[in-house]
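So that you can see what the record holds, here are the features copied from Swiss-Prot:
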type    : residues                                                               : note
BINDING : Thr28, Gly29, Ser30, Ile31, Asn57, Asn133, Glu135, Gly212              : NADPH binding site
BINDING : Lys134, Ser158, Glu159, Ser183, His206, Ser219, Asn224, Lys225, Glu228 : 1-deoxy-D-xylulose 5-phosphate binding site
BINDING : Asp157, Glu159, Glu228                                                 : Mn(2+) binding site
Amino acid sequence: MRPPSRCPGMRHNDGVSDIVRVLLLGSTGSIGTQALEVIAANPDKFEVVGLAARGGNPALLAEQMAATGTRNVAVADPAAGAALDIKLAGPHAVTELVRRTEADVVLNALVGSLGLEPTLATLTAGTRLALANKESLVAGGSLVTRAAAPGQIVPVDSEHSALAQCLRGGRADEVDRLVLTASGGPFRGWTAQMLESVNPEAAKAHPTWSMGLMNTLNSASLVNKGLELIETHLLFGIPYDRIDVTVHPQSIVHSMVTFVDGSTLAQASPPDMKLPIALALGWPDRVPGAAAACDFSTASTWTFEPVDTEVFPAVELARQAGQAGGSVTAVYNAANEVAVQAFLDGRIRFPEIVRTVARAVEAADRWRAEPETVEDVLAADRWARGRAAELVGA
């Protein structure tokens, strides 16, 4: 286990400053738009050398192309490609863009399993990967970690960015436990019975973070924290039984590392994704003014409490999926995506999201073998989606 390393292949301009060439995947999403703001605010540090998106918001993508001046663009949706006269379009277009673009860092902010192949292409090319697409790591598992050189993946999630920063404070053999923090979501303190009446609008309201729809819904069910638990194990190599999750409603402390001597290092900052985005783009260097700092001149309280695992079983279910090994984590992720859509469509109640995931994971014994190819992962993904669709009555 080691913190991410310095960006390979960074070029030098005028022998004075380093300009990091950024290929941004998922540019029209929440992380992508914030990343472009970070880049625009730091033209002496970063430049955009390519954009990619699924294609659901072609108008915004057109604006981004104009603002960045790049025509090196790919979209997964052929219709969006035709509308914007983008030649590189289709299901493998984003991966092809990664292969043909010279970049110092690829920021993968795609949503869902669409990000897996671009993640592997980035790692194969030896380019630093700023990873916000947690699903590609969770689904790909050992397939992704085997493809990565030590320190090649830099996390963008605030929790894993916090862990990477805290791990600078000690050696690998000094680490005792990793502690992920969770806001608890909009339904913290609710009973299981109360959750039965939750509607999609209530689940879309996160108390502290501004995120995309899928991440917001996953945060409400704590599936997001389950995915982050799996990601933590894969990124840092710490066994699942040495990774804890605690509820911290203020979302100021983003994660902690406890060392063998009893000391704990925590990374704290007001909730703003621009900080971990900027750090991932410039790693290991910090970007001055990336986000506001904590204000200790006014009274404030930071609280911590255990996760109510009976009401919110998603975290422990993720731990079980991870300990099962193989592609069971891919099953966890894919079944959740199907169940979330069923909830949004009004076909199941909110607690049935995690119940559906649990039933899919329980039936996933055939997927315990370690994946050897992308097709192995996609096969588990397809099976899980089919199984979840049956369970939700699709």
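Keep in mind that glycine also has a Cβ here, set from the backbone N, Cα and C atoms.
Shown here: features listed in Swiss-Prot, placed on the structure.
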{"residue": "Thr28", "record": "NADPH binding site", "DSSP (3 states)": "coil"}
{"residue": "Asn57", "record": "NADPH binding site", "DSSP (3 states)": "coil"}
{"residue": "Asn133", "record": "NADPH binding site", "DSSP (3 states)": "coil"}
{"residue": "Asp157", "record": "Mn(2+) binding site", "DSSP (3 states)": "coil"}
{"residue": "Asn224", "record": "1-deoxy-D-xylulose 5-phosphate binding site", "DSSP (3 states)": "helix"}
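Using a 10 angstroms CA-CA radius around Asp157 (Mn(2+) binding site), the binding-site residues that qualify from Thr28, Gly29, Asn133, Lys134 are Asn133, Lys134.
On a Cα basis, Glu228 (1-deoxy-D-xylulose 5-phosphate binding site) lies 9 Å away from Glu135 (NADPH binding site).
Highlighted in sequence order, Lys134, Pro155, Ser158, His160, Ser161, Leu180, Asn224, Lys225, Leu227, Glu231, Thr232, Ser255 have their Cβ within 8 Å of the centre of the Cβ atoms of Asp157, Glu159, Glu228, the residues recorded for Mn(2+), and are not part of that set.
Checked against Ile31 (NADPH binding site), the binding-site residues Lys134, Glu159, Asn224, Glu228 differ in C-alpha distance, with Lys134 being the nearest. Per-site Cβ counts within 10 Å over the binding-site residues Glu135, Asp157, Glu159, Glu228 peak at Glu228. Between Thr28 (NADPH binding site) and Lys134 (1-deoxy-D-xylulose 5-phosphate binding site), the C-alpha separation comes to 17 Å. The sparsest Cβ neighbourhood within 10 Å, among the listed binding-site residues (Ser30, Asn57, Asn133), is found at Asn57. Fewest Cβ neighbours within 10 Å among the binding-site residues Thr28, Asn224: this applies to Thr28.
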